[in-house]
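Listed in TrEMBL for this protein:
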type	residues	note
TRANSMEM	32-55	transmembrane segment
DOMAIN	48-341	domain 'G-protein coupled receptors family 1 profile'
TRANSMEM	67-89	transmembrane segment
TRANSMEM	109-134	transmembrane segment
TRANSMEM	155-175	transmembrane segment
TRANSMEM	235-263	transmembrane segment
TRANSMEM	284-309	transmembrane segment
TRANSMEM	321-344	transmembrane segment
REGION	365-385	region 'Disordered'
Amino acid sequence: MNYSKEVWDMSKYQPCPQLQAPPSTYDPWRVFIVNNVIVLISFLGLIGNVISGIVLSMPQMRSSYGLLLTALTVSDSIQLLSGIVMYGAQSLWYCGITLTPANTVGPTFSKLLSMIGYVAYTASAYLTALLSFERYTAICWPFKALRIFPTKRRSFYYVIGVSAYAILFNLPKWFETTTCQDRIPIRNSSLTPDKTIEGRNLLVNSSSDEEPVFTLGEIKVIYNELYNYNLAYRLFYLFLANFLINFVIPLVVIIILNIRIYNGMRRTTQLRQLLTVGQINENSITLMLVVVVGIFCASHMWFAVKIVIQQIWGKQSFPKVLIGVTNFLLAFNASINFVIYCLCGSKFRQQLSLLFTCSKSERFSNKSKYDGNRSVRTETEKIHL
């Protein structure tokens, strides 16, 4: 559709392109259910991550490894929070309710939310690799570990470096999208541009005899020419760099390190009777990481397959329901860490139990103190009487 200058200028955003929708090959209700499941899993995972953050910040858990786990928990929580907003808005759209971030809060927030999700995803991958390296040094190079991870300050610098790297790598994605706003034709009319209907700004297309009346519609954030038509950008950044840096490099590093960690744990298991309590705790922490890494690899490999198929055969070649399943696996990976910590981390379980026991005993202590003060006041009043 060719818009006149008046229609183009009726909003500060350009008109959204009138695209021919491809034939529907998926069941919208199935996608709606998958989106709701993702939102539910993400919400439960967010609660678990908050509890994990509280436990990991306790004095007994403060260490280089605990700091890295806390950073991973924060990164996963950001990823889950952005997923709740995005998939929740999609579910509402299927119900006929438009509450997209671009239309309600603003397009800048919508782009920022998407960017934060990408950054959190990259940071989670490399923080998991950093955790694997820390466990590898603790199990296989116990004497060198104190030089590589000597203090929490050094680990904090590593986290800052990973975060800065994730931001810089995903910065080009900010320029992939542009903001537009729908122009909705209401009816044919001879209204002039300064007239309104029901308080909504209207404008006519002056290029035809039967002039249609337009009103402003939904604000959208869509992919622009850089994403859709720049072959060099799509090939070298979206496919090669994204695939290698976000998937291949961290996954290969994680798999190699964890194979060596597993072999190191087998050797120490044969000498279990000689292990100290501290070494047993180290093995418990390492087992916890191995389980986290296993779920991480299973979830992210499927996502990597999706990226390859979409970039080679086109976005329509990967069914939308399978995209929902892929997104569910990523949300599951970011949500399950709290359960893994509880099942495999003996020290984490102890601190979690201590957290709830202390809060419970504190409530009883405050109540008994209040009851004692009240009884003292009562006895004092009796004496005065």
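A Cβ is built for glycine as well, from the same backbone N, Cα and C atoms used for every other residue.
Beyond its flanks by at least six residues, the transmembrane segment (321-344) meets 26-27, 30-31, 34-35, 37-38, 41-42, 44-46, 48-49, 51-52, 55, 72-73, 76-77, 79-80, 83, 87, 121, 124, 284, 287-288, 291-292, 295-296, 298-300, 302-303, 306, 352 of its own chain at Cβ-Cβ distances under 8 Å.
Stretch with the largest number of CB pairs closer than 8 A to the transmembrane segment (284-309), among 67-89, 109-134, 155-175, 235-263: 235-263. Contact check: the transmembrane segment (67-89) against the transmembrane segment (235-263) gives fewer than three Cβ pairs closer than 8 Å, residues 6 or more apart, which falls short of the contact criterion.
When Cβ-Cβ distances below 8 Å are used as the criterion, the transmembrane segment (235-263) is approached by residues 121-122, 125-126, 128-129, 132-133, 135-136, 139-140, 169, 172, 227, 286, 289-290, 293, 296-297, 300-301, 303-304, 307-308, 311 of the same chain, each at least six residues removed from its ends. Using a Cβ-Cβ cut-off under 8 Å and counting only residues 6 or more beyond its ends in the same chain, the transmembrane segment (109-134) has close neighbours at 64-65, 68-69, 71-72, 75-76, 78-79, 82-83, 85-86, 100-102, 145, 148-149, 155, 158-159, 162-163, 165-167, 169-170, 173-174, 177, 221, 245-247, 250-251, 253-254, 257-258, 261, 289, 292-293, 296, 300, 330, 334. Confidence across the domain 'G-protein coupled receptors family 1 profile' (48-341), taken as the mean pLDDT and rounded to a whole number, stands at 76.
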